[in-house]
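Student: Input: one structure, supplied below.
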Amino acid sequence: MKAGIHPDYNEVTVTCSCGNTFVTRSTLGKPALHVEVCASCHPFYTGKQKIVDTAGRVEKFRQRYGMK
């Protein structure tokens, strides 16, 4: 391998919005990374579904464009 062409590989602390924190290694130039979803709170891994209210968005779209 050539010397001096590879990025630095440092430890990064990842913090999720649910409060879960873990340490991994990355070429990211920052010591911390904030994410919205991790394996502790993602519906695929937890088996729980999150209800997303899209009915309001649909009604707003229909009113805006005159659809019934």
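Yeah, the Cβs are placed from backbone N, Cα and C, and that goes for glycine too.
The feature Zn(2+) binding site is assigned by Swiss-Prot to Cys16, Cys18, Cys38, Cys41, with sequence analysis given as support.
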Student: Including all protein chains displayed, how many Cβ atoms other than that of Cys41 (Zn(2+) binding site) lie within 10 Å of its Cβ?
Tutor: 17
Student: Let me make sure I understand the structure: which of the binding-site residues listed (Cys16, Cys18, Cys38) has the fewest other Cβ atoms within 10 A of its Cβ?
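Tutor: Comparing Cβ neighbours within 10 Å for the binding-site residues Cys16, Cys18, Cys38, Cys18 has the fewest.
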Student: Taking the mean position of the Cβ atoms of Cys16, Cys18, Cys38, Cys41 as the Zn(2+) site, which residues outside that list, in the same chain, have a Cβ no more than 8 Å away, listed in sequence order?
Tutor: Ser17, Gly19, Asn20, Val35, Glu36, Val37, Ala39, Ser40, His42
